[in-house]
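Taken from Swiss-Prot, the feature active site, nucleophile covers 146, and the record attributes it to sequence analysis. Positions annotated as dUMP binding site by Swiss-Prot, on the basis of sequence analysis: 21, 126, 127, 166, 167, 168, 169, 177, 207, 208, 209. The feature (6R)-5,10-methylene-5,6,7,8-tetrahydrofolate binding site is assigned by Swiss-Prot to 51, 169, 263, with sequence analysis given as support.
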């Protein structure tokens with residue numbers, strides 16, 4: 001995807017070298033936006049192969065409101081292992097905030113269910129927002145939300161999504177985030193009876209870790225291939241009814257994977 005390679009190049013060429021929480025060091029810019037027209041194909045990287053199984057299972061795990069890595073481990077997904085405690089718990093991370101945001105009066109708010117209902121009954125609303133950033137609980141989370149708020153927008157029978165990501169690990173994390181929220185947009189569009197529109201990805205602190213510079217330079221030498229097509233099982237009409245087997249990625253051709261260490 002040209003949009004992603006442009007981001008890599010922009011940060012490598014114009015970014016500021018800074019320290020960070022992990023002690024690794026980064027090169028970063030503040031504020032960057034990419035736009036993907038989902039009618040042109042599914043935005044998954046072709047300049048390195050991604051582990052799509054991890055992306056799908058993580059999204060289903062979020063939507064289930066789960067915050068323990070047991071489901072992920074059972075399905076061969078290890079991306080959260082570094083942050084879990086000895087029992088596999090992560091604290092009130094994404095799934096808890098999406099599906100069970102605690103209200104002051106003791107209620108728990110299912111933001112995703114409310115979102116789906118609002119998209120069906122009041123599509124022109126400007127309040128189709130889900131937030132994972134709960135200041136009262138951030139300190140209890142194993143990792144505070146990086147992709148922390150998203151909003152849907154309906155126009156001309158199409159559903160678009162914009163994500164705000166406060167902290168963006170460009171080499172390892174952002175490719176997953178693009179594919180994950182593009183997939184979420186396809187899923188939500190199907191269950192509310194709309195066509196997919198755009199996925200807009202807005203980044204706050206957009207950074208490349210110092211120990212990813214060599215890998216980023218390698219990736220920038222590669223030429224993007226045609227985007228694949230993501231097929232969803234058309235019989236699924238409930239967002240919480242999707243299973244891993246309901247997704248098929250067709251015509252995905254990608255260059256070899258590029259290994260890089262994760263900063264914890």
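One is the number of the first residue shown, and numbering goes on along the chain from there.
Cβ atoms here come from the backbone N, Cα and C positions, even for glycine.
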Collapsed DSSP category at residue 167 (dUMP binding site): strand
Densest Cβ neighbourhood among 21, 51, 127, 207 (binding-site residues), 10 Å radius: 207
Residue 263 ((6R)-5,10-methylene-5,6,7,8-tetrahydrofolate binding site) and residue 21 (dUMP binding site), Cα-Cα, nearest whole angstrom: 9
Residue 146 (active site, nucleophile) CB neighbourhood, other CB atoms within 10 A: 19
Proximal but sequence-remote residues of the same chain as residue 167 (dUMP binding site) (Cβ under 8 Å, at least 6 apart): 146, 204, 205, 207
Alpha-carbon spacing, residue 263 ((6R)-5,10-methylene-5,6,7,8-tetrahydrofolate binding site) to residue 169 (dUMP binding site), which is rounded to whole Å: 9
